[in-house]
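Accompanying notes for the structure given below.
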Amino acid sequence: LSCPTNISLSELHLTGIPGLQHLHHWISIPFCIMYLITLAGNSILLCLIKADPSLHLPMFLFLSMLAVIDLVMSTSITPKMLSIFWFHSTAISLDACLTQMYFVHAFSVMESGLLVAMAFDRYVAICNPLRYLSILTSPVVAAIGLATLFRAVVFMSPLTFQIRHLPLCSPAVVDHSYCEHMAVLKLACGDAAFSNTYSLSVSTYVGSFDSLLIALSYLLILRAVLSLSSPQARKKAFSTCSSHLCVMALFYIPGLLSMYMESYHQELPPHVQVLLANIYLLIPPAFNPLIYGIRTKQIRDGARRAISR
């Protein structure tokens, strides 16, 4: 019997969190809260930065880009996920699934690139403050933003193209809460080795290369901070660096772990892999406005000015 191809397989079904379907209503509560925090936090941040001319600095332009990426990344998966949890609405068309997959993975790569840009921004601001505005001019900031977008498109377009042209078999059930590439790839009837290897290679390259650049930036920052004479200034800088690194760890570690586990069939319950894949897409977007925004004095001052107006 010939296997049905992706021409006939026009609809897929997402299971949500495999093995924990009986807990979907409870799991939906923290997921919904995190999504609402993401929407509110990033939208307020964007409005504050747009409204206050004193915040039109490279640091806050990068922060605006991060807020937009976080809003798109969360919105590409959370509404559908909540509809699965609340209404058992598991069906998703193949085109919608591939679109979701493209947005999730492309914007993850963009977020990673932007975290590198923000680490570089902090390095210039702390280690070379007098030349900060002459190094990070508006055209340079725009070029960095476009470079992160271009890299994401170049890396992720082949991934979606490959899976679009692979024959997919029934049953059309994806054991995941969203259209994660590796989970959809399990439906392939044809040889998916190239797609599998490409996905792992890109994820490993982006995750390891970007986190190495971030670590290098923060090491140089810490070296500069340790030379500060004021203990209070050192403590503040350490606090800022540690909170930034914690959010970055929540982005990189669960994302890479879930992908490797999915690929190498590690003997872990499926719900652990799916929850890890959700953590890196849901927690950082909710915490980024708090860590990079509210903790920053200029943002707090901007919020006060906006309230007083």
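We number each residue from 1, going along the chain as drawn.
Each Cβ is built from the backbone N, Cα and C atoms, and glycine gets one as well.
TrEMBL: automatically predicted annotations, no manual curation.
As written in TrEMBL, here are the features:
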type	residues	note
TRANSMEM	26-48	transmembrane segment
DOMAIN	41-292	domain 'G-protein coupled receptors family 1 profile'
TRANSMEM	60-82	transmembrane segment
TRANSMEM	102-120	transmembrane segment
TRANSMEM	132-154	transmembrane segment
TRANSMEM	205-226	transmembrane segment
TRANSMEM	238-260	transmembrane segment
TRANSMEM	272-294	transmembrane segment
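Mean pLDDT of the predicted structure over the domain 'G-protein coupled receptors family 1 profile' (41-292): 86. Beyond its flanks by at least six residues, the transmembrane segment (102-120) meets 59, 62-63, 65-66, 69-70, 72-73, 76-77, 144-145, 147-149, 151-153, 155-157, 159-160, 178-181, 202, 206-207, 210, 213-214, 217-218, 244, 248, 251-252, 255, 280-281, 284, 292 of its own chain at Cβ-Cβ distances under 8 Å.
Same-chain neighbours of the transmembrane segment (26-48): 17, 20, 55, 63-64, 67-68, 70-71, 74, 78, 81-82, 85-86, 278, 282-283, 285-286, 288-290, 293, 299, 302-303, 306, counting only residues six or more beyond its ends whose CB sits under 8 Å from a CB of the stretch. Outside the transmembrane segment (272-294) by six or more residues, the chain places 17-18, 31, 34-35, 37-38, 41-42, 44-45, 63, 66-67, 70-71, 73-74, 77-78, 81, 104, 108, 111, 118, 175-178, 180, 243-244, 246-247, 250-255, 257-259, 261-262, 266, 300 with a CB less than 8 A from a CB of the stretch.
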